Amino acid sequence: MDAACAVKHSVVASPLGQIRISGCQQGLHEIKLPAAGPPEAPARPEPPGRPAETVKPLTECAAWLHAYFQEPAALRELPLPALHHPVFLQDSFTGQVLRKLLEAVKFGEVVSYQQLAALAGHPKAARAVGSAMRSNPVPILVPCHRVVCSGGAVGNYSGGLGVKEWLLDHEGSLAAPPAPAGGSRLARTRCGALRGSSSSECAGGD
Ligand SMILES: [Zn+2]
């Protein structure tokens, strides 16, 4: 998000509500999930933004999100938008972990914080992985919702635990549908395996 970026914005309708995306010619900057809470009234699916008003990474991101929600089998064939948020431009731990997650953990899979730490080459850094998840600027695309506790709890998610459960259920990663509002069959606690850690959250919340 340096000054050279001419950032464009777009909105993608989804079963979770309106998802706001932003990016420049060089790549996607952010995906913002709807605020936690009951989904807004379902909006009509919109075609990806018109070329005159958008940039290629946003068009690709909108198409990718549309497929994610409507036709996951098509995801394999779709290009991933380039990423241009600063976290992906530096060779930081957070950038490394997020890239590894994007590359290694596909639709329908889950990984624990510890496993992801090991995949990223830092097997003792499970807590730092939790922090990295909180810094994810592009949730869903970089699938921080697929990072769960090794003890089986879903962990937390700043988009709302209900959203994390919805996404995992959408991917077939929950054994049963999420409980109705007001209760969850899954522990809402932080990861027991991360002793004393508060790092099990994702994408910016606390
Ligand atoms: Zn940019």
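One-based numbering along the chain as shown.
Backbone N, Cα and C define each Cβ position, glycine as well.
According to TrEMBL, the protein carries these features:
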- 36-50: compositional bias 'Pro residues' (COMPBIAS)
- 8-81: domain 'Methylguanine DNA methyltransferase ribonuclease-like' (DOMAIN)
- 94-172: domain 'Methylated-DNA-[protein]-cysteine S-methyltransferase DNA binding' (DOMAIN)
- 33-54: region 'Disordered' (REGION)
So how many of the residues in the domain 'Methylated-DNA-[protein]-cysteine S-methyltransferase DNA binding' (94-172) end up helix, strand or coil by DSSP? 40 helix, 6 strand, 33 coil
Quick one: average pLDDT across the domain 'Methylguanine DNA methyltransferase ribonuclease-like' (8-81), no decimals. 85
